[in-house]
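For reference, the structure is listed below as structure tokens.
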Amino acid sequence: MNRDDICLLLGATGVGKTLLLKRLQKLSLHGLEELGEPPSTLPTVGTNLTDLKLKKKKMTLRELGGCMGPIWPSYFKDCSSVIFMVDSANIAQISASCIQLLSVLSAEHLHNASVLILFNKRDMPCTMSLVEIKSLFRMDDIIASATQPITTQELSARSGQGLQEVLSWLESIIVK
């Protein structure tokens with residue numbers, strides 16, 4: 001498998017990575033009309049691989065369980081892009097996720113990787129605005145110090161809000 005065809009899906013335990021994977025797979029096969037109710041998920045111990053059929057070619061999303069954080073770097077050399085998910089409804093987890101992301105961005109193998117940061121669970125009753133979350137997450141500092149192109153986006157993997165934009169981002173980074 002070509003590294004250009006692999007996107008790592010990273011984030012702490014419970015941020016919604018598995019749900020995103022399942023929803024993107026269904027969306028890429030059937031479109032938004034067929035999305036239906038969100039499937040049930042369990043915390044990932046290990047990795048999940050999902051192939052997405054995009055317009056230009058196939059891409060494999062490799063989800064690494066949040067508990068695998070210490071060994072994530074062993075997967076970095078095999079990918080060309082990263083989706084990093086943050087649970088925007090869990091304020092206590094946001095700063096820890098920031099530190100995790102900084103270690104991912106500083107990895108030598110990922111210096112040229114395209115990075116999408118997803119602020120998930122935007123459908124939850126959360127008092128913080130996206131501006132407040134980005135401030136707490138130190139988004140401006142992260143973007144200023146990163147070598148990678150970084151895109152940020154709001155998402156609700158549960159409701160489906162933002163899923164099409166994630167697929168569009170994946171389309172846009174595929175090496176032609």
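Using the three backbone atoms N, Cα and C, a Cβ is placed for every residue, glycine included.
Here is what TrEMBL records for this protein:
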{"type": "BINDING", "residues": "Gly11, Ala12, Thr13, Gly14, Val15, Gly16, Lys17, Thr18, Gly66, Asn120, Lys121, Arg122, Asp123", "note": "GTP binding site"}
{"type": "BINDING", "residues": "Thr18, Thr44", "note": "Mg(2+) binding site"}
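Minimal Cβ crowding within 10 Å, among the binding-site residues Thr18, Thr44, is found at Thr44. Val15 (GTP binding site) sits 11 Å from Thr44 (Mg(2+) binding site), counting Cα to Cα. Most other Cβ atoms within 10 A: among the binding-site residues Gly11, Gly66, that distinction falls to Gly11. Comparing Thr18 (Mg(2+) binding site) with Gly11 (GTP binding site), their Cα atoms are 11 Å apart once rounded. Calculated from their C-alpha atoms, the gap between Thr13 (GTP binding site) and Thr44 (Mg(2+) binding site) amounts to 8 Å. Separating the Cα atoms of Asp123 (GTP binding site) and Thr44 (Mg(2+) binding site) is a whole-number distance of 22 Å. Every protein chain shown contributes to the tally, and the Cβ of Thr13 (GTP binding site) ends up with 15 other Cβ atoms within 10 Å.
Cα separation, Lys17 (GTP binding site) to Thr44 (Mg(2+) binding site), rounded: 9 Å. Comparing Gly66 (GTP binding site) with Thr44 (Mg(2+) binding site), their Cα atoms are 8 Å apart once rounded. Here the Cα atom of Lys121 (GTP binding site) is found 18 Å from that of Thr44 (Mg(2+) binding site).
On the backbone, the CA of Thr44 (Mg(2+) binding site) and the CA of Gly11 (GTP binding site) stand 11 Å apart.
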